[in-house]
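> Following this message is one structure expressed as structure tokens.
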Amino acid sequence: MIQIFFLGTGAGSPSKKRKLPAFLVRREGVNILLDCGEGTQYTLMNYKLGINSIKIIGISHMHGDHVFGLLGVIASMGLLDRKETLYILGPRKLKDFLYTSFEYSKFNPSFKIEFIDNYNDENITISTFKTCHTIESQGYLIMEKDRVKIDEEKLEKEKIRDWRVIRKLKEGKTVEYNGKLLKPEDYLVIKRGSKVAYTGDTMPCQSVVDSVKGVDILIHDSTFLDEPSAYTYGHSNVTDAAKIALEASVKLLALTHISPRYEDVSEHLKMARRIFPKSILPDDLSYITIK
């Protein structure tokens, strides 16, 4: 199960309704922060979302509305006596940006910071993909690994309740039970892992389509409603995001990075749903669970 908290869904500068981009992805003990706009530390702490429980931070690009909150988050981690390693993914200039800021502010983290290109453990993988913005930028793909589970309904139907037999089946072993050979492949089912994709800032981009095919949720740049100048600034219109979701056969589209010029966003959702019906436009502090 994956939970996604939409901490900030705005763009450029904060508005009364929308803070700057930040998304907290939780997956059974691994908390991932995607982008870190100004004020993210306040949101995390004010709503008790566990700032020190964040293990991995992924930054999409170096524009201020996506990265200016990172120093504050790391400083708060230090003040809270963090000991665990913090893993960071991001553009090439991110490391220099952070350590230069540490030097000028005389801040020395009490914990290890490790810059990585991807992440892999027994439960999830995190990889990046190319996006099309005005500066170096990347999106993120978080994938749960497939899990093998015992078919409990079939066990109950066949009245197999001996825990020793069930354990052997889980271990992939053939076992004899009441004169019958039980083969593990007949009692094990594969639960497909969930997939979450986040684009950061991007114009319509084939590399995005290719990278997010079939994901459970696509969180896509939807800065403008219908502005010809969107591409000049390296952004997408709502209809662009919907067309990409449709072409990539994603299960759910979340429109985000909404320009502060829009107070009423009802038309955004209408336009998106004409093309891709399974579209949502999350408010700040809303969340969604992917099972």
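Every residue, even glycine, has its Cβ placed from backbone N, Cα and C.
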> Swiss-Prot has Asp65, His66, His257 binding Zn(2+) 2. Which one of Asp117, Asp121, Asp201, Asp210 is in the same site?
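Among the candidates, Swiss-Prot records only Asp201 at this Zn(2+) 2 site.
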> Within a 10 Å radius of its Cβ, which of these binding-site residues (His63, His257) has the fewest neighbouring Cβ atoms?
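Candidates: the binding-site residues His63, His257. Fewest Cβ atoms within 10 Å: His63.
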> Around the Cβ of Asp65 (active site, proton acceptor), how many other Cβ atoms lie within 10 Å? Please give the count over every shown protein chain.
23
> If I restrict to non-local contacts, at least six residues apart, and a C-beta distance under 8 angstroms, what lies near His133 (Zn(2+) 1 binding site) in its own chain?
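In sequence order, the residues whose Cβ lies under 8 Å from that of His133 (Zn(2+) 1 binding site) (at least 6 apart) are His61, Gly200, Asp201, Thr202, Met203, Gly234, His235.
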> Specify all same-chain residues, apart from the site residues Asp65, His66, Asp201, His257, whose Cβ lies within 8 angstroms of the center of the Cβ atoms of the Zn(2+) 2 site, ordered by sequence.
Ala11, Gly12, Leu20, Pro21, Asp35, Gly37, Ser60, His61, His63, Gly200, Asp221
